[in-house]
Every structure is written in structure tokens, then in C-alpha cells.
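Among the features that TrEMBL reports, active site, proton acceptor is placed at H69, E101. Look at TrEMBL and you will find H225 tagged as active site, proton donor. Residues or ranges marked as 3-amino-2-oxopropyl phosphate binding site by TrEMBL: N33, R44, D226, G248, H249. The 1-deoxy-D-xylulose 5-phosphate binding site annotation in TrEMBL covers R71, H76, T131. Annotated site 'Transition state stabilizer' per TrEMBL: E184, in sequence order.
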Amino acid sequence: MYESRWPVPTHWLRNDHPSLHWNPAMPTTLSVNLNAVAMLRNRRDLPWPSIEGLGRIALQSGASGLTVHPRPDQRHIRFSDLPVIRNLIDDEFPDAEFNIEGYPTDEFLELCAGAAPEQVTLVPDDPSQATSDHGWDFRKHRDFLVEVIARLKKTGTRVSLFADGDGDAEALAIAKAVGADRIELYTGPYGGCFGSPERAGPILEALGKTADAALAIGLGVNAGHDLTVANLPPLVKRIPNLAEVSIGHGLTADALEFGMAETVRRFCRACGQKI
């Protein structure tokens, strides 16, 4: 039997809660981020591990979607991967969702227009960053986001904005005003200290309060970064209306040990799914 990296207190296991914004009978969904798979592939001039093949296994095993974050230097996901994933979902998993993350340059927006994802998650990354590590400054970037989101909405895609879990209700109101459908809570600080309950507890509560404030004004809530099968149950217990988690690094690390199919099933169960 699999042992979690950290023990999960039994009182943190998820309970169903009624909500005006989300049906508690519908557990949090899992979108598998394929960037780490792509980075491994790109170490050699070889077509494997296969983005398409492992994406297929993830969807067959219970994932509700696939996520990619194409960066300008294509150091992991390549632009040529996008139509492959789009076709995989359209041809074999029509109920699944394609989520593309990235900083909204003109090039990125053109890629999204071509790939027609169900969801675009906008992040305030510098192109040189190793990974996303903070949410948008909604006050500073308000006008920019209005323009970008209007452009995306013309294609009918859902738009999610990367947000810090600091409980800033005024900032969330701006996110709603600029046209976002959802926010994605940046959970890196929570994931990074989960082995220390006295540190993780306050961060989890701040994430929960941020989610509460977002839901109260009609924003959906996603989450992502450094999430594992151990720290997911407390998160979905505190945020029972959590729509989706996007997970790549931790899931891929477990997949090296347990295989992609079994790992996806474990993450789905950690989200509250009966699978």
C-alpha cells in the first residue's frame, strides 16, 4: 500500500458541503500537466516519452483534462505538441478539457487561437523563470488584462488568472471585473511547507479565505503548484468548491515510481473522487 510522503490527519479528509457555486457531489477534477514529461523527452533528440501516449493514459485513468505551459524557448512543451494534444482530446476524449497556461504575449495568444483550449490560464511569468511563482498584481495589470481577456473570449475559451492566496478581496474584485471566469490559486508556499503543520495551517487557511472571497463574487476557483497526494485532501476539505487542480511535477515524480495510470488514480482519489 502506498505511503504518503507526509501523514494526513484523518480529520482533514474531505466532507461534502452544500454550495451555491459548486455542486458538492462533483469532486475536484484533475488536469495533468505534461511539462515535466516534455522536459524529460527533450533531454534527447527522441520522440519519447510520448506526450500523446502519456496524456492518453492520464485521461484513461481518470484525469479530466491535460495542461501545458508552452514557453517561448520551448524548453519543455513544444509548440508542435499543441495540435497533438488537441487532436487526442477531440478524437478520443471529447469530454476532457485542454488547459494552456502562459504569459499572454501575442505569440502565446496566437497559439491559443490555433489550439482552441477549453481553458486558458494566464500567469505573470517572466520568460526566463523556471516555473510560475506568484500571482498577478491585478491593480497594476488591470488594463492589460482587460485587453487580453477580451481577445481570448472571442474564441469562447474560459479564462483563469493565476492568483496569490492572500485573501485580497479588492484584487479579486478586479479579477472579476476584467473578465476572468476563474482564478487559479498559487499553492507553492502551502506545498513547500506541508511537512510542518504549524506553518502549513495558516497558509491553508489564507488560501481558503481567498477561495471563499472569490466564490462569493462568482469566480470559480482552481489551484496548482507543488500539490501531492498528501497535501491535496486538506486543500479540498478547506475549499470544498475547488473546481480543478492542475498538477505536473509531483504527479510525474510519483509516476516514475508507480506508473502514470496508478498515479493518476491516486491523485483523483486525493481530490475526493471515488475511482
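Residue numbers in this text run from 1 along the chain shown.
Backbone N, Cα and C atoms are what each Cβ position is placed from, and that goes for glycine too.
By the criterion of other Cβ atoms within 10 Å of the residue's own Cβ, the least surrounded of the recorded positions R44, R71, H76, H225, H249 is R44. Candidate recorded positions: H69, R71, H76, H249. Nearest to E101 (active site, proton acceptor) by Cα distance: H69. Cα-Cα distances to H225 (active site, proton donor) place G248 within 10 Å, out of the recorded positions H69, R71, G248. Between the CA atoms of N33 (3-amino-2-oxopropyl phosphate binding site) and H69 (active site, proton acceptor) there is a gap of 8 Å.
Among N33, R44, D226, G248, H249, the residues given in the record as binding 3-amino-2-oxopropyl phosphate, the maximal Cα to Cα distance rounds to 26 Å. Checking Cα-Cα distances from D226 (3-amino-2-oxopropyl phosphate binding site) against the recorded positions (H69, R71, H76) with a 10 Å cut-off leaves nothing; none qualify. Distance from the CA of H76 (1-deoxy-D-xylulose 5-phosphate binding site) to the CA of G248 (3-amino-2-oxopropyl phosphate binding site) is 12 Å. Taking H69 (active site, proton acceptor) as the reference point, the recorded positions whose C-alpha atoms are within 10 Å of its C-alpha, out of R44, H76, E184, H249, are H76. The secondary structure of H69 (active site, proton acceptor), as reduced to three states from DSSP, is coil rather than helix or strand. Among the recorded positions listed (R71, H76, E184), H76 has its Cα nearest to the Cα of R44 (3-amino-2-oxopropyl phosphate binding site).
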